[in-house]
Amino acid sequence: MIHIKTEKEIDILRRCADLVGRTLGEVARYIRPGVATAELDAIAEDFIRTHGGEPAFKGYRVGRLVYPATLCVSVNDQVVHGIPGDYRLQEGDLVSVDCGVRYRGFYGDSAYTFGVGELDPENVRLCRVTYEALQKGIAQAVAGKRIGDISHAIQRHCEAAGYGVVRALVGHGIGRRLHEEPQVPNVGRPGTGRRLRVGMTFCVEPMVNRGTYEVRVGEDGWTVYTADGLPSAHYEHMVVVRAGRPEVLTTFAYIEDVVEAPYNQTVPSPHGETETHYAGR
C-alpha cells in the first residue's frame, strides 16, 4: 500500500532529508587517500546522533542478516551496501556513500558517488551519465505520469552511453519506513507501472555499471559487486510527486560546497583536447 503524505509529514521528511545531506557534507570533508571507510562511518554516526537523529541502516534486518554500520560505503566495483571497514581510500577510487537517518519517526535516504583525487576519464563519464540519469528520472516524477516513465528515462540515457543499468536493485518509497511502496526500478517501459499521485514520496537511485548490468552478492551477504569487476556509480535523491514539477527533498549542495563533483572534472575529449562538464546540482 502506498501512503500519500500530508504536507505536515512532508515537512518532517524535508528535515530528514536535510540531515542526510548535511551528514554527507560532513563525510565529504574526509574523502581523501589514506582514510579508512570505517572512519567515515564513525564520523557519520557521530554527526547524525549529535543532530538529534538515529542511523537508519545500523541494525537493519534482512532475514537473519543484520547490517552493522551507519553508512554503506561501496568502492569501485562495489555497487551498493559495502560495509565500512579497514580499507583505506586510494587515489582514483570511486566511492559511493549511501546514508540513511531516522528523525521524528520518519526516514531520510540519499547517496553520492565521490571521486578520490583525479579520476580515470572513463569513471568521470560514468559519474556524469549516472548523475544526468538521476535528473532525467526525477523530471518524470509528476502527477499523472507512471513509475515506468521514470525507469525508462534512466535506462534510455544510460544505455545510450553504453553502460549497464542494474536491474536487481531498485529505488523505493520512503516515509515512516525506510523502504515503502512503490518500488522504482531503473529500467522499464514508459506508460507502465503505478500512476503517480501528488504526495507520493520515494527515492530515485540509478545504479549504473561501466560494463554489464549483472551483479553478484559478496560473502558478507550485503556487498553487491559488478559481475565483471568494472566500476559502478550510484546517486540517490528523495522526491515528492507534485503537479507540474517534482520537489526534490535531498540536496548535494552540502557535499559540493566541500568537494568537486566527480561529474564536473575535466576530462580529455575524443579530439585530444580537454573539456569540462558542468552538470549542476
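Cβ atoms here come from the backbone N, Cα and C positions, even for glycine.
Keep in mind that this is a model prediction, so the values were computed, not measured.
Non-local contacts of HIS81 (substrate binding site) by the CB criterion (under 8 A, 6+ apart in sequence, same chain) comprise TYR67, CYS72, SER74, ASP98, TRP222, THR223, VAL224. The substrate binding site feature in TrEMBL is assigned to HIS81, HIS179.
Look at TrEMBL and you will find ASP98, ASP109, GLU236 tagged as divalent metal cation 1 binding site. For ASP98 (divalent metal cation 1 binding site), the count of additional Cβ atoms within 10 Å of its Cβ stands at 23 [all protein chains shown]. In this structure, ASP98 (divalent metal cation 1 binding site) is part of a beta strand by DSSP.
The Cβ of GLU205 (divalent metal cation 2 binding site) has ALA111, LEU134, GLY171, VAL184, ASN186, HIS234, TYR235, GLU236, HIS237 as same-chain neighbours under 8 Å, each 6 or more residues away in sequence. Residues annotated as divalent metal cation 2 binding site in TrEMBL: ASP109, HIS172, GLU205, GLU236.
Per TrEMBL, the feature domain 'Peptidase M24' maps to 12-242.
Summed and averaged per residue, pLDDT over the domain 'Peptidase M24' (12-242) gives 99. Cα of HIS172 (divalent metal cation 2 binding site) to Cα of HIS179 (substrate binding site): a distance of 6 Å. Cβ environment of ASP109 (divalent metal cation 1 binding site): VAL20, ALA56, ASP98, CYS99, GLY100, VAL101, ILE174, LEU178, CYS203, GLU236, MET238, THR250 lie under 8 Å away, each six or more residues apart in the same chain.
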